[in-house]
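Taken from TrEMBL as is:
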| type | residues | note |
| --- | --- | --- |
| DOMAIN | 34-112 | domain 'Blue (type 1) copper' |
| BINDING | H66, C100, H103 | Cu cation binding site |
| DOMAIN | 136-261 | domain 'DUF2231' |
| TRANSMEM | 139-157 | transmembrane segment |
| TRANSMEM | 169-191 | transmembrane segment |
| TRANSMEM | 203-224 | transmembrane segment |
| TRANSMEM | 236-255 | transmembrane segment |
Amino acid sequence: MFARRTWRIGSPLLFLFVLIAATLPLFGEIPAQTTVTMREMRFSPAKLEINTGETVTWMNEDIFSHTVTADDGSFDSGLIAPGSTWQHSFANAGSVGYHCRPHPNMAATVLVSIAAAQDQTSASLKWAPPTAPQQFHPILVNFTAALLPLAFLSDLLGRMFRRPTLHQAGWWMTLYAAVITPLTALAGWWWKRSAGADLPPHLVMVHAWLGSFAAFAFIGLAAWRWRAQKLGDPPSTAYLTCAFVLVLALVYQGSLGGRMLFGK
């Protein structure tokens, strides 16, 4: 009887570890960003690293027209109207500084490296563990973004159809969210510290603090959910309401992250 109970408790944890291990190989090195946004009188990112032969797209999301003008005169976009884009391919390696002619304080740099020949055969594909915050954070975000909405849905359906098994699933997913979300927030702060200068400052600050709040809120939600689980009661209406509010906050948090990375 004891062994059977131990397996029931340990099997969800084992499933989580297997799921994480199976997901990590899907995340290799994040490709170099090839889009630069012009917003609030600045280029973002201010420093872009690409390989020779790659094309960079500049998107004007500002209310003013801007130019992309090389400091050495090698290229000039002309005026790019708000909502328009311009592209340029870099064939030679080196550091290329550029600026906006009407707004000289707008300046940025493109670092062009020689593209190493890559063997695309399956034998040459090698997995390396993530080591940078911009690799850790998206992995953990995927779990955080999935677990709480699924936990809320499981508890809601369990209450509607009176299925204890759905409540059991909701409890475990809430617990996993409470464990993973603090790690997600820490990886986000790590990213901000290492690359915050290349991210919109007002968005990254709101995103970071909202993520930290979510970490504490998820822990509190898990403690609340554990109390109901211990008593054998279904989640209360108040609990489901709070969980739904946190799901909406999570959606908003994700939209901020999307705007920081993709400018939308």
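Cβ from N, Cα, C; glycine included.
Note: the Cu cation site is recorded as H66, C100, H103; in the same chain, M38, M41, F64, S65, T67, H99, R101, P102, P104, M106 also have Cβ atoms within 8 Å of that site's Cβ centroid.
Under a cutoff of 8 A between CB atoms, and with a sequence separation of 6+ in the same chain, the neighbours of C100 (Cu cation binding site) are M38, F43, H66, T67, V68, T69, M106, A107. Across the range of the domain 'Blue (type 1) copper' (34-112), the DSSP-based residue counts are 0 helix, 41 strand, 38 coil. Within 10 Å of its Cβ, the residue among the binding-site residues H66, H103 with the fewest other Cβ atoms is H103. In the domain 'DUF2231' (136-261), helix, strand and coil residues by DSSP number 117 helix, 0 strand, 9 coil.
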